[in-house]
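Annotated features in TrEMBL:
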- Ala27, Gly28, Ala29, Gly30, Ser31, Gly32, Lys33, Thr34: ATP binding site (BINDING)
- 6-283: domain 'UvrD-like helicase ATP-binding' (DOMAIN)
- 284-554: domain 'UvrD-like helicase C-terminal' (DOMAIN)
Amino acid sequence: MSDLLANLNPPQLQAVTLPPVHGLILAGAGSGKTRVLTTRIAWLISTGQVGPHGILAVTFTNKAAKEMTARLSSLVPINVRGMWIGTFHGLCNRLLRAHYREAGLPQTFQILDSADQLAMVKRLLKNLNIDDEKYPPRELCHFINAHKEQGVRAGQAEVYDNYTQKRVEIYAEYEAQCNREGVVDFAELLLRCYELLQRNEPLRAHYQQRFRHILVDEFQDTNVLQYAWLKLLAGGGANVFAVGDDDQSIYRFRGAEVGNMRDFERDYAAQNIIRLEQNYRSQGNILAAANAIIKNNRERLGKNLWTDAGEGEPIRAFEAYSDLDEARFVVEEIRELVRDGVVPTQIALLYRSNAQSRVLENELFTKNVPYKVYGGLRFFERQEIKHALAYLRLLGNPDDDTAFLRVVNFPTRGIGARSLENLQATAHQMNSSLYNAAASLTGKAGQTVGAFIRLIESLRQETEGLPLPEMVEHVIEKSGLAQHYRTEKEGQDRLENLDELINAAATFIDDEGAIGEGGALVSFLTLASLEAGEHQAGEGQEAVQLMSVHAAKGLEFDVVFITGLEQGLFPHENSVNEGKDGLEEERRLMYVAVTRARQRLYVSCAQTRMLHGQTRYCMPSSFLDEIPENLMRKLNKKAEATSAVPSFSAFGGGYAEPPASGGLRIGQTVEHAKFGIGVIVSTEGRGADARVQVNFGGSGMKWLALEYAKLTPV
Ligand code: ATP
Ligand code: MG
């Protein structure tokens with residue numbers, strides 16, 4: 001026990017050993033919030049105040065949940081399997097699985113990921129004959145999710161004009177369709193669970209009595225509904241212990257509310273607000289940079305972190321000519337670090353947008369450096385994996401139209417678009433699933449679709465009682481998927497991924513604690529939808545870690561590279577349009593990125609970058625200017641030495657430099673009296689008509705007529 005509490009500083013110790021009351025720990029990055037939370041669970045259990053059964057802990061990712069469980073079992077001799085430690089989504093899923101009937105769901109309900117959701121909305125618009133240009137499907141998904149995250153059903157949504165009226169109608173149709181198919185989207189997991197607890201008094205009382213201690217990590221990123229869910233579960237009796245950092249709130253665009261911190265103080269009459277200010281993660285220079293950056297934000301609860309770790313190394317800054325050049329630099333450094341004995345898993349490569357990873361991956365691959373990407377091209381979101389999962393989903397729940405449509409004609413079995421439209425119309429009329437409606441089809445459509453139905457039926461019979469990995473293997477083989485990819489030119493990769501899916505099923509089974517209510521298949525499919533982006537093929541290899549800054553939250557690494565520090569990329573251009581709040585959120589994201597590093601931090605940017613098929617000319621991020629010069633060492637000399645790049649026009653796959661306009665050319669840095677310094681990104685017209693497009697960074701992208709705008713080359 002004393003071991004448990006050894007090495008905690010006084011405020012940490014106070015937090016861990018708070019008497020059974022509500023507590024809020026408000027503290028900066030790396031100050032030990034997660035450690036305190038985990039140790040508190042261990043302390044509560046080992047002092048006999050509560051059994052493992054009475055704990056509910058919410059973490060930010062499934063990865064974090066696993067780490068917490070592992071840590072716990074090393075701290076206290078208990079069986080941690082089956083403990084309620086997980087993400088909001090994971091915990092709600094578990095509760096709904098256990099009480100599917102009360103929640104009005106089929107036992108085998110499936111989870112729609114965001115791609116599935118988008119597909120369903122598109123399908124609905126088509127069925128309802130709604131113009132998808134006027135009502136863009138992506139925007140509708142956002143509309144639906146935002147309402148659900150506020151706890152608002154279609155029937156309760158506020159209607160203030162005809163346009164919204166229509167969107168609310170689509171929302172209602174979408175809800176009905178999900179119910180018909182027995183599927184739930186991410187936001188629905190939470191809302192459904194919340195409504196269930198609210199409506200069902202005995203159930204609520206049961207869980208309220210059961211969970212004596214509710215602990216929440218990354219509290220700053222909880223949204224309105226999550227907050228309400230916690231409050232409901234806590235009832236009057238449980239003790240809520242929340243840890244968070246307002247400076248790391250990076251999901252406001254998704255409805256997370258920092259106001260929750262203030263609400264917490266009010267709702268729980270929290271008298272125990274503990275601040276932790278010593279940072280144990282980063283060396284002094286890194287922490288000083290983080291502090292200097294976040295100081296520029298106005299909307300803060302305010303705190304300053306310190307460390308006694310010493311200054312450590314300077315922050316290494318590199319300005320590359322191009323994204324390729326940047327990738328070369330990064331990979332070269334990584335190779336050197338590994339040669340010097342740094343463990344590859346202790347090196348993280350961070351970027352603002354997943355699209356940036358391609359160039360880095362390419363270079364890592366070419367130089368034979370093992371790497372692992374979290375997020376981005378997600379294992380469970382790859383086409384071949386989704387196809388295989390769709391077959392498996394149909395075995396569990398034939399009414400799952402999304403899965404049905406994904407594979408009814410994949411591999412092709414001669415089912416045309418006309419037949420499918422027919423089928424959809426019939427299903428719509430009969431108010432039934434596509435699978436059920438198939439029996440009423442006649443003619444050729446009846447035959448081809450009928451054959452598909454028979455295939456699914458026979459797959460179901462053949463796999464009944466088989467262990468999960470064999471079931472997966474059988475489905476991949478007998479559905480025709482394997483054969484399809486064997487004959488495809490670039491199918492090898494996909495076949496390997498399918499093998500990996502069988503492996504994933506096998507590992508899943510070994511980890512028996514993972515199997516929940518509803519059986520192995522349902523649990524496995526749930527994992528696939530909830531863990532998309534967190535699981536990677538080739539786990540266990542000593543690999544460099546690649547991920548977006550969002551995905552890096554809560555993690556730490558010896559060495560961190562923050563790449564693509566360019567205006568418009570990081571801070572992201574979307575944030576510029578949102579004014580001050582947008583920029584502050586980007587800055588918090590930058591703060592998160594910087595504070596992931598323990599010993600060494602690299603920051604880099606490129607002058608040109610290929611993104612979404614276009615070459616962009618970029619200015620260094622304003623965040624770089626916020627790092628005090630004396631903390632940095634510029635490595636530019638190396639750039640000239642390693643780069644064999646003669647001029648801008650050499651980039652962009654055959655991009656020809658347009659003719660000079662008024663003596664200005666693409667890539668040139670210019671100054672404008674009002675907008676400041678910018679880089680010319682394209683030109684058009686000649687003579688009196690000549691216009692140039694300039695990226696002014698913080699002031700955005702502008703088209704300027706050369707005749708009027710005074711631009712001075714700098
Ligand atoms: P973040 O805000 O990034 O989530 P955090 O506040 O949760 O950070 P932790 O991850 O819990 O911080 O801790 C950061 C690091 O500091 C971890 O490696 C942890 O083990 C270590 N640490 C925390 N407290 C102490 C301590 N008292 N003594 C030694 N190391 C500590
Ligand atoms: Mg943490």
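Cβ atoms are placed via backbone N, Cα and C, with glycine included.
Annotations in TrEMBL come from automatic prediction, not curation.
Excluding the listed site residues Ala27, Gly28, Ala29, Gly30, Ser31, Gly32, Lys33, Thr34, the same chain places Val243, Asp245, Leu276, Asn279, Arg281 with Cβ atoms within 8 Å of the centre of the ATP site Cβ atoms. A C-beta separation below 8 Å, combined with a sequence spacing of at least six in one chain, links Ser31 (ATP binding site) to Leu276, Glu277, Gln278, Asn279, Tyr280, Leu305. DSSP assigns Lys33 (ATP binding site) to a helical segment in the three-state reduction. Cβ-based neighbour count (10 Å, all protein chains) for Gly32 (ATP binding site) stands at 24. In this structure, the binding-site residues that sit close to ligand 2, with a C-beta under 6 angstroms from any of its atoms, are Lys33, Thr34, chosen from Ala29, Ser31, Lys33, Thr34. Under 8 Å, Cβ to Cβ, and six or more positions away along its own chain, Gly28 (ATP binding site) finds Asp245, Asp247, Leu276, Glu277, Asn279, Lys303, Asn304, Leu305, Thr595. For the domain 'UvrD-like helicase ATP-binding' (6-283), the mean pLDDT of the prediction comes to 91. Look at Gly28 (ATP binding site): DSSP puts it in coil. All protein chains included, Gly30 (ATP binding site) registers 25 other Cβ atoms within 10 Å of its own Cβ.
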